[in-house]
Structure formats: structure tokens, C-alpha cells
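**Student:** Right, I'll just put the structure down here and ask away after.
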Amino acid sequence: MSKETLILDGNQVANSIKEALKERVKRLVQEGTTPCLATVLVGDDPASETYVRMKGNACKRLGIDSKRVVLDQMTSTEQLIHVINELNNDPSVHGILLQHPVPHHIDERAAFEAISIEKDVDGVTMLGFAQNAFGQALFPSCTPAAIMAIMDAYHIPIEGKHAVVVGRSPILGKPVSMMLLNRNATVTICHSRTQNLDHLVSQGDIVVAAVGKPNFIQGDWIKPGAVIMDAGYNEGNIGDCDYEACFPHASAITPVPGGVGPVTIATLLKHTVDAAERSMKA
Ligand code: NAP
């Protein structure tokens, strides 16, 4: 094949998002408001601890405050909601991120719903999802927004294209499907009960992998010239697509790591700065 496959560089997209935030953070601080993201971690899952630490460090590097709340594994739903309400009422906090997953005994949905919409910078509430579906989100979920930001940064056409999304979780598959639909793609949403998945994926001009299974999407499922957005992040830095096998068929592909992940974090920072600016106008 003579054509080159374009590697969609998430680090580069993330850096340009963060670069654009520096001036805004500086201005906010001069005006007396330091943007602040509160992260809430329940329990001691090592992967979640790592994610929360990465997000806190990313904040620090940009001059954004991060307030870490770590709660015991045995925290009840009521106690967690109480903590979230305190953060809702704390004017120095602009964004709240409750790290998913919380321990099984907690009603995660109830906890997410406790986050006030003005501070839902991770786009986890039902209202946030609905706003996103209507194309009017204050803060769309960060990973879907990151997928769209990468496609826009590389001027990948969306309108009229057939997008096949594999996965329908409330934070990823469903919201990214709505965003693609709002941009006039024709969207097929696949999930664990989908039949003839390989056939459906092979019709996609754009394939979004949001499955949570390493190397799940196979190279021979990919339509020649398709754009592959791999949101998967599995143990050992492995995506949901078999990268080596998909690469020669694709016109463009996100690597793992260095694709959707860094843009997701940059989007979270952007939403926190947006929220801080909004709080100044309130
Ligand atoms: P999730 O909640 O576990 O959802 C997985 C989805 O995949 C579900 O909708 C499930 O279908 C579907 N699925 C499972 N097995 C399937 C199969 N055999 N065929 C077709 N569909 C299947 O996962 P998630 O939170 O959306 O995350 C998905 C991936 O993205 C994970 O690798 C995760 O680590 C990654 N992620 C990355 C970032 C980032 O910043 N890069 C952020 C969040 C998540 P059902 O609905 O029928 O169960």
C-alpha cells in the first residue's frame, strides 16, 4: 500500500490545549481566583490512586490548585455525598472529580448525581449527559471531548461519515456517540450483545474503540482508510485495538499510550479553568 497512516499525536494536541490555558490561569490568579480541582478517591485501588495523582500533578504544572480528598474504603454512600456537598458549597473549589470506580457497596450513580452541574467538570451527571446529547454541554465527559478534539486538531471530516462506536458506557461510548451524531455522522453503537460485530466495524469510516479489552478490535475488521480512535487503556499500556494489525488498514490512528489519554487530562484542566472563569461571572 502506498499511502502513509497518520499517527494522531495526543501529546501534541494536549500540549496545545495546555499552552492555551496558561494565559487564562495567569489572568484568573491576577484577579484573585486560582482555579481548583477537587479529586475524591474512595479506597486504595492502586490504578485509581495513580490516575488521581496524575491529574493532581497535571494541575500543579499549570498553576491550578488541586485539593485531594481520600476517603476510607468503608465510606458509606451518605458519607460520600456529604463530602461532595461540602465541595459543592466551597467557593474555592471549581471542579469536582469523583474517581471511578468507587467500592461496590457505594451507590456510584447517587454520588455522581450529588455533584453540582457547575462543578461537574468530568461530565458524569445525568444532566451533563443530557446537555451533551442536546449539543449544549457545559462540560461534556472528558474522554469523548478528547476524541473529538483530536479529530478536530487533525481536521478529520465527521459530517456524513459512518462512525462505529464499540462500547456504550455512560462516560465514554454513549456520550461520544451523541457528539458524533451532533456533528452529523451516522452512528452505529455496538456493545456486548451486538451480533456480527466484525461486519459492523468493517463499515466504519470512523471507528471508536471504548471496550476495555486489550487488542480487541482486529486488523481485518477495519475498512481500508478508516480513522481509528482508540480510547482503550488496559494494563501494560495496551489499547482496545490491535494496533500493529489495524495500522496498515487505517488512514489515521491514535496510539496507546500517547493518544486519547493525555488529551483527556488536558480537557479536564480546560474544564476546570472554564468553571473558574464562570464562577467569576456568577
Ligand atoms: P466499561 O464501562 O467497562 O464499558 C465497556 C463497554 O464495552 C460496554 O458498553 C460493553 O457492553 C462493551 N463491551 C464489552 N465487551 C464487549 C464485546 N465483546 N463486544 C462489544 N462490546 C463489548 O468501560 P469504559 O469505562 O467505557 O472504558 C472503556 C475503555 O476506555 C477502557 O479500556 C478504559 O480503560 C478506557 N478509558 C480510557 C480513558 C482515557 O482517558 N483514555 C478514560 C476512560 C476510559 P455492555 O454495555 O453490553 O456491557
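Backbone N, Cα and C atoms are what each Cβ position is placed from, and that goes for glycine too.
Grabbed the feature section from TrEMBL, which reads as follows:
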- Gly167, Arg168, Ser169: NADP(+) binding site (BINDING)
- 8-122: domain 'Tetrahydrofolate dehydrogenase/cyclohydrolase catalytic' (DOMAIN)
- 141-279: domain 'Tetrahydrofolate dehydrogenase/cyclohydrolase NAD(P)-binding' (DOMAIN)
**Student:** Return the residues near Arg168 (NADP(+) binding site), defined as same-chain residues 6+ apart in sequence whose C-beta is under 8 angstroms from its C-beta, sorted by sequence, else 'none'.
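**Tutor:** Those within reach of Arg168 (NADP(+) binding site), by Cβ under 8 Å and sequence separation of 6 or more, are Lys174, Ser177, Ile189, Cys190, His191.
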**Student:** Mean pLDDT for the domain 'Tetrahydrofolate dehydrogenase/cyclohydrolase NAD(P)-binding' (141-279), as a whole number?
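**Tutor:** Mean per-residue confidence for the domain 'Tetrahydrofolate dehydrogenase/cyclohydrolase NAD(P)-binding' (141-279): 98 out of 100.
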**Student:** CB neighbours of Ser169 (NADP(+) binding site) within 10 A?
**Tutor:** 17
**Student:** Residues with Cβ closer than 8 Å to the Cβ of Gly167 (NADP(+) binding site), same chain and 6+ apart in sequence?
**Tutor:** Gly173, Cys190, His191, Val208, Ala209, Ala210, Val211, Gly212, Ala231, Asp240
**Student:** Take the mean position of the Cβ atoms of Gly167, Arg168, Ser169, the recorded NADP(+) site. Which other residues of that chain put their Cβ within 8 Å of it?
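**Tutor:** Once Gly167, Arg168, Ser169 are set aside, the remaining close residues are Val165, Val166, Pro170, Leu172, Gly173, Lys174, Ile189, His191, Ala210, Val211.
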